[in-house]
Amino acid sequence: MEKTCEVNNRIIVALDMNSFDKMKEMVDELGDAVSFYKVGMELYYSVGQKAVEFLKSKNKKVFLDLKLHDIPNTVGHSVYYLTKLGVDLLTVHAAGGSRMLESAVHYAKIAAEEEGIEVPKILGVTVLTAIDEEAWKEIGNKLSIKDSVINFAKIAKKSGLDGVIASPKEARMIREISGDEFLIVTPGIRPKFASANDQKRITTPKEAINNGATLLVIGRPITQAENPRHAAELINEEIREAI
């Protein structure tokens, strides 16, 4: 999962849906154009772990995006059981603090060793891409989004996480302080042909890669396209221009 990974490994398609059958149809339609998928709250809470099991049966990589945020013990034990599903990426909120993040890392390693599987990459969620400065201040934050994201990234790296989830607009400054091996996974990607929807801090795929993003999370521009496979191939072309 290096920064130089193959083009069709740079896209993570967000399966933001609540139907197992629709999920299967989408994965089958995209075929070999996409090898990485996000299972988020909507799909996981409505379908459960069979969504992960199906993707693994198709030899796809799985990003389980549940954004865990609780006391260290609770998050650690949750990560322990989620790791046993064999997922490739897991998310926890960086705002949970270093003790919570360290607990997640610790229990992921224990579970992976017990199962004889690779330890999943654990990513810290910084500031959601649907949030702008006005909304950020509304919930009581004094720092700007930019400064908050940098702070979260530093906490995540210090705590042993493998990377962060952040807007592509913040990817460049995170890359500058974290080095080449730190994963930067960016939602808020809108290709040239797509609308912004409810996202605020967005860029094109090419801009995100040029800013230092490792992996791009893309949902509606692909899953709601008239031809999802063609949309994914167009995005792969945009990425190819940047690497």
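Heads up, the Cβ atoms here are built off N, Cα and C, so glycines get one too.
So that you can see what the record holds, here are the features copied from TrEMBL:
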| type | residues | note |
| --- | --- | --- |
| DOMAIN | 10-235 | domain 'Orotidine 5'-phosphate decarboxylase' |
| BINDING | D16, K38, 65-74, T129, R190, Q199, 219-220 | substrate binding site |
| ACT_SITE | D65 | active site, for OMPdecase activity |
| ACT_SITE | K67 | active site, proton donor |
| ACT_SITE | K67 | active site, for OMPdecase activity |
| ACT_SITE | D70 | active site, for OMPdecase activity |
G219 (substrate binding site) versus D70 (active site, for OMPdecase activity) - Cα distance in angstrom: 27
Rounded Cα-Cα span from T129 (substrate binding site) to the residue listed as 'active site, proton donor', Å: 14
Site with most surrounding Cβ atoms, counting all protein chains shown within 10 Å, from the recorded positions D16, D65, D70: D65
In three-state DSSP terms, the structure that D65 (active site, for OMPdecase activity) belongs to: strand
Inter-residue C-alpha distance, D16 (substrate binding site) and D65 (active site, for OMPdecase activity) (nearest angstrom): 11
DSSP-derived class (H/G/I helix, E/B strand, else coil) of G219 (substrate binding site): coil
Residue pair P72 (substrate binding site), D65 (active site, for OMPdecase activity) - Cα distance, angstrom, rounded: 18
G219 (substrate binding site) and D65 (active site, for OMPdecase activity), distance between Cα atoms, whole Å: 13
Helix, strand or coil at D70 (active site, for OMPdecase activity) [DSSP, three-state]: coil
Other CB atoms, at most 10 A from the CB of H69 (substrate binding site): 16
